[in-house]
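First up is the structure itself, then whatever we jot down about it.
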Amino acid sequence: MGKGNKQKSDQQFLVTHKGVAYDIAPFLAQHPGGLAHVEPYRGKNISHLLKSRHGSTESESSLVHSLSATYLLNQYRISDDPKDKDLANNNKTTNGVKTKQSPEEKPGEVEDLEHFVDWRKGMLNQVASLGPKYSQWVNLPVDKHLILFDNPTLEKMSRAKWYYVPIFWIPIFFAFLYVHYSGGFSHVTTICGLVLGAFLWTALEYTLHRWLFHMEPPSHSPRLITFHFLIHGIHHKVPFDGTRLVFPPAGSSILGMVLYLIFRTILPTSILNSTAAGVTLGYMFYDMFHYYLHFGAPKPSSHFYYMKRYHNQHHFSQHESGYGITSPLWDVVFDTKIVLKKLAKAIKW
C-alpha cells in the first residue's frame, strides 16, 4: 500500500450497511455514543445496529440506533469507489455472520426528503413548501451547511458564536443591577430578585422549549411552519452547526424585551430589576450550557455528562420528551422525563 493510500485509510472510518459502504469519519466527534463505542465497528457491517428496536435482542437494545441515525448515515455514503464496493461486498454480515442481501433491500429505510429543498439557497423561504412533510423533515438531522437567508447581511446576523452570549448579556445583567440599586433598594431585595429570576428562568426554559419551540405547526400554515423553523426547527435540522446553537443577540433581545414588559405588570418595583437580572443570568447559563452539551466532553458521573446523554436522546430519538436543558426538574414535574439506560461502560467524547 502506498503512503498516500495508507494516509487516506487512516483518515477514513468505513462501515457498511446492506451492502453499501459509508465513511463516517466526519461524524465521529459528534457521535452521541462517543468514539470508544464506535471504534469496534471500523470496517464492519452495522446493519444489525440500524434495525427497528422492536426487532432487536435484549443484548443489542442499548446499541440499536434511531431512524435519525439511519437517515444521517446516508449522507456519508461513498460506495461509488470500487474499493469501497469490495469492502461492502465482503462485509454483508450480521453480528459477524455472513448473510445474503435480499434483492429488495435498499441502502436506507427512510425516504430521502432533501431533494424537496435546495441547500444552495436560503432555507427560510423554502420550508413552507414542504407542507405535510415538514415535521418529518425537520426532525431528521443532517450534517450540512445551512443557509437561512439569501440576504448576506441577514444570514450573518442569524449566526452566533457561543461567546456572543456573555459579551452581549453581561453588560445588561449589570445594568439591571445598577438600576435596581439606583432605586435605593436593599441587598435583601437584590438576593430575593436574583434567586426568583434564576428560578423563573428554569420554568421559562421548559415552557418555551416544550410549548413554543416544539409546537406542531399545521401543514396548511406556511407562516407557522416558517416561524417554527426560524425559532427552533433549524437547530434540530442541523444540530452539529455550532453557529446555530445559541440565540443570536437580535432574536434573544426581542424575547428579553417581551419578558421585561410582562414582569413590569406583575412584579413590585422593589424586585423588578433584580429579578430581570436573575432571569438574564439564568438565560446566559442556559445558552452556554446548551452549547457545551453539544460540543463539550464532560466526565462520567458529572451533571454535564448526564445532561449531554439526556439531550442527545431528545435530539435523535425522543423528540417529544426531555425538554429540560440545564436540568430535568420540570420534565419530572410534567412527566416528560427521559429515562436513560445504564451503560456497561461510560461514554467518552
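Backbone N, Cα and C atoms are what each Cβ position is placed from, and that goes for glycine too.
Pulled from TrEMBL:
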BINDING   His31, His65  heme binding site
COMPBIAS  89-100  compositional bias 'Low complexity'
DOMAIN    1-82  domain 'Cytochrome b5 heme-binding'
REGION    82-109  region 'Disordered'
TRANSMEM  162-181  transmembrane segment
TRANSMEM  187-208  transmembrane segment
TRANSMEM  245-263  transmembrane segment
TRANSMEM  275-293  transmembrane segment
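Applying an 8 A CB threshold to same-chain residues 6+ apart, the list for His31 (heme binding site) reads Ile24, His37, Val38. The C-beta environment of His65 (heme binding site), restricted to residues of the same chain at least 6 apart in sequence and closer than 8 Å, consists of Leu49, Leu50. If you take every residue in the domain 'Cytochrome b5 heme-binding' (1-82) and average the pLDDT, you get 74.
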